[in-house]
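Listed in Swiss-Prot for this protein:
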MOD_RES   LYS90  N6-(pyridoxal phosphate)lysine
Amino acid sequence: MKTYQVDKNGYYGEFGGAYVPEILHQCVENLQNTYLQVLESDSFKEKFDQLLRDYVGRPSPLYLAKRLSEKYGCKIYLKREDLNHTGAHKINNTIGQILLARRMGKSRIIAETGAGQHGVATATVCALMNMECIVYMGKTDVERQHANVQKMEMLGATVVPVTSGNMTLKDATNEAIRDWCCHPSDTYYIIGSTVGPHPYPDMVARLQSVISEEIKKQLLEKEGRDHPDYLIACVGGGSNAAGTIYHFVDDERVKIVLAEAGGKGIHSGMSAATIQLGKEGIIHGARTLVMQNEDGQIEEPYSVSAGLDYPGIGPIHANLSVKHRAQILAVDDDEALEAAFELTRLEGIIPALESAHALGALAKVNFKPEEVVVLTVSGRGDKDMDTYINYKLS
């Protein structure tokens, strides 16, 4: 049977793999040899499920958005990842990875963060497990997501502002990898998305797959069937999208729509529409689609959303795109901002700017009245209030 899941060598079609400096070979190989044994063990599953239930507050609701549904002429359910502890889907992954890190005997945790949500989720589980935590964050993002920086510091993490390059997510990831190279024996790197060398894209997708597992059960209760007609999610690196589609990716009855950041317009030179603009290349240890110039130098991405301005894309999504399994839509800054205000006014839910890109895709698809659409609200909008207020003032 045709599958879009990872193969035994860590590839999704031609994308994926592990391209790492020699100093990290041993680290990455240990992780490759260990992660499935741990993730599939009964003791891990029991602890992971217990923490998701009692600490994160799962299952997250599947909410029928009636007024939004009326507007777009179909049945729209919102998967409410914004209601998780820490306000986004990121905690699903950090809880799983910190349990794995402890099993591997690591004592020091590092992470990269863009919008700060993964940083907060990592600092949170480090506080929970009493482990040292260092978070790398681009200086640009430190300034635009200051509330999350304060949360991380309150949780006991050291936040390191990164001043190289564009001073955003890509640069923070580079610094985290440098740190890992210097401390391979005692340090575990919790990557926040379905990016990086194998096994990270698969591991993060598996840990986030609790989202699609719940969607199946919840739809069965609400609609009498376990699959929607459409799944819609935003993609930066792609972890909330990977979790949303995980149990449906091989079910051709389900259409997949991925919304990437169009920035100021896909041809403006100020965008993060990696799938549509990228060419095959290697970034942060994985072969995937990368925004690059003629000489193969990585181009600086741009998005109003700090969580989506990444110049690569998870290899799972690169593969879904080239195989035409997913429809890729670029949603620009203004479309996302308008969609955020629309959801707020229609349903009383203020979404994260990242999630607003998924909402912005609704206007670009023609739905039929009987179709069931599940859209993942990956996070809540608290961290983006300054951007929202400034947008309305302008």
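Cβ coordinates are placed from backbone N, Cα and C, and glycine is handled just like the others.
All chains included, 32 other C-beta atoms sit within 10 angstroms of the C-beta of the residue listed as 'N6-(pyridoxal phosphate)lysine'. According to its DSSP assignment, the residue listed as 'N6-(pyridoxal phosphate)lysine' is helical.
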